[in-house]
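What TrEMBL annotates here:
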type: DISULFID; residues: Cys971-Cys984; note: disulfide bond
type: DOMAIN; residues: 9-123; note: domain 'C-type lectin'
type: DOMAIN; residues: 218-371; note: domain 'GAIN-B'
type: DOMAIN; residues: 429-546; note: domain 'PLAT'
type: TRANSMEM; residues: 384-404; note: transmembrane segment
type: TRANSMEM; residues: 593-611; note: transmembrane segment
type: TRANSMEM; residues: 631-652; note: transmembrane segment
type: TRANSMEM; residues: 783-800; note: transmembrane segment
type: TRANSMEM; residues: 877-898; note: transmembrane segment
type: TRANSMEM; residues: 1031-1049; note: transmembrane segment
type: TRANSMEM; residues: 1070-1093; note: transmembrane segment
type: TRANSMEM; residues: 1113-1131; note: transmembrane segment
type: TRANSMEM; residues: 1151-1168; note: transmembrane segment
type: TRANSMEM; residues: 1200-1220; note: transmembrane segment
type: TRANSMEM; residues: 1240-1264; note: transmembrane segment
type: TRANSMEM; residues: 1298-1327; note: transmembrane segment
Amino acid sequence: SCSKHQTAFDGACYEFVGLQFSFLRAEGWCERGGGHLVFILNDETQQFLQTHLEPDKDWWLGLAPASPNLTLSLAWLDGSDVSYSNWVNLPEDRATCGYILRDTGFQWTATENCTQELNFICQFFGRTVACEGQNATLQCGSGQVLEIEDAFYGRKTVHYCRSHFTDLPTFSQEECSWINVLESVTITGTVASLSFTRMNSTVIPVENLPKEIEILLPRLDVGEQNSTVLDLANFSTLMIDIPSPKVTLVLKLEPSQDISFMVFLGYKVYPHEKEKFTWLLSPKDRTGGAGIHFLLVKPIVEPGVKSVNATVTVTSIAAQCKYWNETKSSWSEDGCRVGPLTTPLVTQCLCNHLTFFGSSFFVMPNLVDVTRTAELFATFANNPVVVCFVGSIFAAYLLVVVWAHRKDIQDSTKVKITVLEDNDPLAEYRYMLTINTGHRHGASTSSQVTITLLGTEGESEPHHLTDPEKPVFERGGVDMFLLTTHFSLGDLQNIRLWHDNSGDHPARYVNKVMVQDLETGQKWHFLCNSWLAVDMAECWLDKVFPVATESDLKRFNLFFMKTAKDFQDGHIWFSVISRPPCSTFTRVQRVSCCFSLLLCTMLTSIMFWGIPTDPSEQTMDLHIEFTWQQVMVGFQSSIIMFPINLLIVSIFRNTRPRDKAAKPEGLKQANNSRYLYKQLRHVEKELRLLGPSRFPNTSSYNRAMQQVQGMKSHLEFLLDGDQLNRSPSPEESISSSAEKKRSQGGLPWWFVFVGWILVIATSAVSGYFTMMYGLTYGKDQSINWLISMVVSFFESLFITQPLKQVLGFAAFFALVLKKVDQEEFGEPQIDEKLTHPGLDPDVMQVARRDSTCSFYQPPPPTDIERMRKNVIQEQKVFGLIREILYMGFMWVLLLVAYGQRDPNAYFLSRHIRQSFSKGISNTMSIQDVFNWANTTLLSNLYGDYPFITDGNSKLVGNARLRQVRVQKNSCRVAHIMQESVPDCHTPYSWESEDMGSYSPGWNLSVGDNTSLNPHSAWVYRSQSELRAFPIWGRVMLYRGGGFVINLILKYLHNNTWLDVYTQAIFVEFTVYNANVNLFCIATLMLETTAIAFQFRSELHGVRLYQSTGGLHVFVMASEIAYFLFIIYYMFVQGKLMRSQKSSYFKIKWNLLELAIIILSWCALSVFIKRTLLGKRDISFYQNNKHRFASFHETAQADAALGYLIAFLVLLATIKLWHLLRLNPKLHMITATLQRAWTDISGFLVVMTIMFLAYSIASNLMYGWKLYSYRTLLDAAQTIVSLQLGIFNYEEVLNYNPVLGAFLIGSCIVFMTFVVLNLFISVILVAFSQEQIHHKPSEEEEIVDLMLIKFCNMFGLKCQKK
């Protein structure tokens, strides 16, 4: 007889347990009831189980690993072979358990994951009695006796079993009943390990050591310990329970007095090893096994002493030392034993092989054998990676050095002080001008620049800043000019800069100007930071800049100044390209320093490559995990690499240039005599310039010259003539300044050779050892190191070094020190030919300025305004050309839009819709729905081949059936009808939707021994769980959740899965058509109205696998080109935002551009989202081909992408209207609409009111009878169709001829004849007024100018209208 929860079949009882357990827990559950997991030994048992199992659940079977002599890897729990089977696929060798797989027709599958929780079936044969360890007899009938010679219940296979004394597992595999099987052996103490490896990552075996290694392992749980105080006055005996014969017993005795005593254990066997008051008894030292042992403590006393007044505390500790033997794949004690220093807190293990971790402070690098140089280089053919890489670096270095040498030669031509050609030869008071051109785009200029100095004692003449031998005012350049005046200007107050706006790029950006008085050494700084241009910033060509104070210098963008200087000169890699021409640290030297640094970095990296990580070190997690070993490797690498490279850079940077030949020093003279001599010499020069022809007679000229020369001779006689004839030249001033700097510091010029020796030595040594390490490691390790090295190098070059060396120091100087950097890069040389032109009158005449040149006068305001207007018009012309090129953007957008859509998607959707709509009617009952599902649905979904009926589209995964329901008694029945209608339910709404959990048949009661499966067809599953979305039906918007099951129609029909509370049924599946490379996500919907079910389908085609043809490449190129356009438009709109500020958002075309940019990036993000979702869904399908694969999220993302692209095309097309303003006629139409807008807006209000009135009236009149007016929205569409002449008059007139005629007639009269005609009349009146008062737009003039430029470009004559 079977219990009420069990079902009888073929002499056994079967219980279908609704709980979900792992395999071990399920077998234990069955064994506690006297049974085991089910054995299926024949087809009759299989068929019986199929009639009682739920097909959408997985059920454990009594399958376990088989003995080696059986045919399969699995056997039944009693050890018998699997003679009958119903496998989906034969079990693999790794499989350890089996179960009935859902949705496969109740076939079996095997797995190695026995910890998953599934339902299970228990099999019972009634109660039996058996005794362990002996035979047993059972009374089986009237006087008959059945003798059982060998009985065993459960799983008779070797395994780790539960101990008889504790809940811990046994330490070896034994035979035991399945209920006592433990899942694994538990090691309760600390586990540790250590292994040594060679350079090639092979393990060094360490075993059979002559001296044991001491290992101290903390005892996390105190374990088997007991402390007892024994009184030695009498013989005291202590009972000790040893839990296992494998453990070592550690006895610690602590007497109250220092006395001697004897210890007896068991059968008076003394311990073999002892330390004071500590005895160890290993399993070999004990005669007994597990169980009770007796410990006797007897004091040793002198003769005549009968008793001792003392106690001893005995602590017993059970401990083991095991290690994991990888060869045997088990825990072993070989070579390890428990030590005498074991305490309740720490276990001491003594081993002759490695079982613990060791660590040290400094990490030793890998070693390389130099004596194997020839041998290693002989393997070059097998491992050329590192050698070729180092060789390519050397070759690249030589090429870059050639380029750097040429650039150094070019820089040397720039490093000079330009003596201005328009300096007065008679003026000898010198000023040095240092002008910094900014790094901004377009900062250089082609204009003629002029400057004037203004001081407290006067102002200089305008000077033209130019140099015939080199270009000036280049972007980021520093130009130095020598300007002379007749006298000192005192303290400078201002400078005035202007240019004539000539050349191809006249605009100029001035960063700062420094003026130095070479006579006194005083410097003045002018912080300009301004544009001199007619179309930028303040639109000034002429500007006066005041001198900067010390506080101004500290406020003048110190951070950006320091950052720019550090990138230009401080960053060792970037400065190779942007090195200041005045710097004494040449490009060749910088390239060599980079070369040495790179090779040293490679060497330190490869030295520590592949060193095993110490697993005993604690990992530090500061958002980035690292260990102290990694920190030490980085620290040691820095110690090895950076000092030598820092020394090389410091030598090259701080070495003084080699001195030129010394010039004779001038002697000091009295200032009055010196200046008098100067004036006489000036007079003599002026007389020579005039010549005899300018005098009335030649004798007067000769007499004047003789008088001047006589006075000069007298002064030369009184003073040293050599000193009077000369004055401190600019070279001497610069030389004296340089000499002063040299006296302050710097290295001698010959130190440059020391730097070159260090570069050669470090490069050669690093290159050699890097190649040796690479040849030692082998090809694979070398490739891995090379990839790591290249990635690390570029990360350091572009991220770490700029942030650390440049931005960090710049912020420190700007925010903390606030120190103005006065350092100069070097002192240039002066061209002596220009400094002393001599006394030739012709040369002096040429050197005089031509005051008639236009650039000596600032441009007048009228000319500046004219130039500004011309520039603005030219900019608008180019802007107009860019707008015309917008057609290219539109073309690319259309390519992208149609590249995302396939016309075959429509035909595929239409075919599937027609295939599944056969047998559909507008009045379908629940039985009709089942009939349609059994015929049309199943026959189309499941054909003879793995394709749906059309033979071309494959079903992806399984199909799913989902329904949404409303709650019972969700509405109130009228009181008078309650007897006739006991129950009612409201139409579907989100508030009335049923989200409960039921048992089969929609019953609320659940059996005592069953539990609800969350995947049951009778349990509500939420929208997020199903990965679905709300869906629009003809009647309502339905949630994406519901009651879900696979297509098991007979089970659903028998259990009344569909009833009156079902509001909508959804059949969901996905197909793939390889011919057109499209997925179709289909949802067939049957929603109920007040009478019957109505059919509706929603299908979405999407391409998840991109084709590999040429069209795909073309579409990808179009997408890339499109986003290049978008990035360009973002740049343009950013500039407009910066210039227009808040007024930017008041221009509708700007908002349109902004909307296109935002929608484009949204489309890109949705495209990426769709790609990721598609890969996720396809991966789920490939791993679960028998289950339903939901592609709804992918379909929604694809639909959203389609909508975004459609709106993008709409907005981009609307933008074309902006180009219509270039046509005068179309511009007039736009102006007409603007003029008539006031009147049009009023008519629009009237039309809207009348339109709404007729829509409401028609809906109220005909909404209950005619389909065209069933909702307010449908009625509004019908009224619009009436205005367009698309109207069904007969249905209105047939329903009510009088009322219909009145409604249609009044609507036509008022809406069509009156309001619309008046609306058109307003527009025509505004158009006629616009024709009279039309003002040509500014764009018309720009179009004319653009046509003229195009005609000039092609050499055509074009007359402006």
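Residue numbering: from 1, along the chain as shown.
Cβ coordinates are placed from backbone N, Cα and C, and glycine is handled just like the others.
Residues 1233, 1270-1272, 1274-1276, 1278-1280, 1292, 1295-1296, 1299, 1303, 1307, 1310-1311, 1315-1316, 1318-1319, 1322-1323 of the same chain lie 6 or more positions beyond the ends of the transmembrane segment (1240-1264) yet place their CB under 8 Å from a CB of it. In this chain, the transmembrane segment (1298-1327) lies out of contact with the transmembrane segment (1113-1131); the count of Cβ pairs under 8 Å, excluding pairs fewer than 6 apart in sequence, is fewer than 3. Minimal Cβ crowding within 10 Å, among the disulfide-bonded residues Cys971, Cys984, is found at Cys971. Residue counts for the domain 'PLAT' (429-546) under DSSP, helix first, then strand, then coil, are 0 helix, 62 strand, 56 coil. Mean model confidence of the domain 'PLAT' (429-546) amounts to 86 (pLDDT, 0 to 100 scale).
Long-range contacts of the transmembrane segment (1200-1220) within the same chain: residues 883-884, 886, 889-890, 893-894, 896-897, 900-901, 1149, 1152-1153, 1155-1156, 1159-1160, 1162-1163, 1166-1167, 1170, 1226-1227, 1230, each at least 6 residues beyond the stretch ends and with a Cβ under 8 Å from a Cβ of the stretch. With DSSP states grouped into helix (H, G, I), strand (E, B) and coil, the domain 'C-type lectin' (9-123) comes out at 18 helix, 36 strand, 61 coil.
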